[in-house]
Amino acid sequence: MSLLHTIKPTDDDLTAIKYIGDWEFIPESVLIHIFQYLSPKELINAGLTCKSWNRVSYDDYLWKNHFCINFKVDHNIKILSRKYSWYEEYKRLIYHLPVVQTEILKNHTHQVLHVSFAHNGQLFATCSKDGFILVWNSKYPADIKYNQDMKILGWKFTQFSQFNQSDELLLVSGVCLETPLCTSGEIAVFSLEGKIVNKPYDVFGTWYSENYLLSGNIFCLGNLITCSILKLNKASQETSSEYIPIISHLFKFYNKNASSIRGILVANCFKRDDDKNNLENSEISHILMDFKDGSPVYQNDDNHDVHLEKIKESDKSLQINTSTEEFHENIDYSQKDGNTIYDNETDEKIEITKRNKSQDSNCTDNVIEENETYQLPTINNDDDDDECSEENDEPNFEKLLIFTTGSETFAPHQIGFKKIKPIIFPKEMEPGPTLAQRIAEKEKKKTESSSTPEPEINWQDFDSIEEKFDKADHLIDLHGHIIGMALSPDHRYLYVNNRPWPQGCVIRNPLNPPPIAQEIDIHIIDLITMKEVGTMLRAHKAYTPNNACFFIFLNVCNEYVASGAEDKHGYIWDRYYGICLAKYPHDDVVNSVAFNPCDSEMLVTASDDFTIKIWRSKHKVKHDLKIENISNLPKASEIKKNSI
């Protein structure tokens, strides 16, 4: 073992040894000099000799040396905030890291695409190409609690799931069997209370609040031009009255070059005015470091620590990721009637109406004439922010919509951000005109338009139609193919899986994006400053080209970030020290990983090898599962001293 520093005893210390017969009275400087040559195990054993040796064996200097050497961390690094012992930090990364495979679940009969946990950590759900959604008890040994074959609903497969805040409802997103090259999917809510159309299917959907969720739709406007519509949906179906609304349009976005809105998720907003208070309760810091072995690092441009805000325990993370499969082949981009939008799969005529500027810019007009919905009012920001809507149980504060999109090509290479103002979903909508009145009104408009035809809309000229659409508040271009996103538990940081394009590449054909790297970068974005604060560099890999690129879901807990990869392994990093700690073997691509939100010592990995593997820490296996001999259990490959 090489030493970063050594402590040498003074001449007086060595002289004192000649007159002291008992080793327990050796000066501490001498003991530290000797102990720094011991391995961690030998150091612990030496501490069993006596109280004096035991005290010295836990010296921070000794354990920081071991930590920095074993994990290849810069010796100048500071210990994680609210951690007081390098021994405990070393123990956390060795003894409390989920590296022991306690279960392998083989109930799926096809590739397992996604895994997600309930907020209470007692259940987790898995999606697969076999068309099933399985819900498991997470307690050892894991077993199936619920299962549902979604093929009976016309689904091709299930691909994403998410529990609501109370864990009473489960959102399941899947792909439908409509066309051989379909872009359409559906969202089901369990207890199976409703189905919601979701286009393209890789929007996935996400919970907006306890009883409301977001979904998407897409319509063709012209050559390589589409309109993405995001809707707010009530999770339950209303049967008591036809006048109780269950869906309303939230945003509509203009997409060029065959791009679309994908992979939506919702985060709680942070106020910039509270930044200083947020930083006082820091848990994780992003530190500028450099590793010769190429281990992933956190990088901060200003070379200062950036801290996370500690928030209430009730604020849980929402996890959702982006799609990477192409969909442009499935949409007919040919120009049709210039004043209408057509749904390519149903050939449904969609009329685009001009925005009323007096309405709130965050709420869009009703663009689907055949399915009128109630316009959502927003809460006046002058009202008391601490009060909540008693009628709807909706939080009276802004939320942040996050999504992937593109401007140069169909491949998602940008992350978009849009604030969602507080919303009250109406309890009842006006009956409106009767069917006969609506038909008569349509005939009247048709007659009027035939005599004085409306000018044709040029959908290619965005400046002339800008007022019809919502704009992202902020865009970040990662110059690569985005294949996954996840929020930190406190919603302060966004972690993004990205396969970068060649540096300086020029896109000349939006349907032919640049080649993508085999290495996957994890980018870290601060949702207060809307800037990148770090990149975890290229430890995990992917091999598929643009036209076959699929999702690699990642997950974040307070101390770690984990991700799947195409090299038949899952990976885990420490968020603070920026080091890759272990990789989890499978026999095929690892599509998704998930930490137990109540216990970071439990990790689940899902793979194309049809299996789900559950990993627990050595501490959990020994003390909770009461398994004394863990040497016979399969283990992850722990990464110390050497890079991957």
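Note that Cβ sites are derived from N, Cα and C of the backbone, with glycine treated the same way.
According to TrEMBL, the domain 'F-box' annotation covers 20-66. TrEMBL lists 105-137, 583-615 with the feature repeat 'WD'.
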DSSP puts the residues of the repeat 'WD' (105-137) at 0 helix, 19 strand, 14 coil
Secondary structure of the domain 'F-box' (20-66) by DSSP, residue by residue, totals 32 helix, 0 strand, 15 coil
DSSP composition of the repeat 'WD' (583-615), residue counts helix/strand/coil, works out to 0 helix, 23 strand, 10 coil
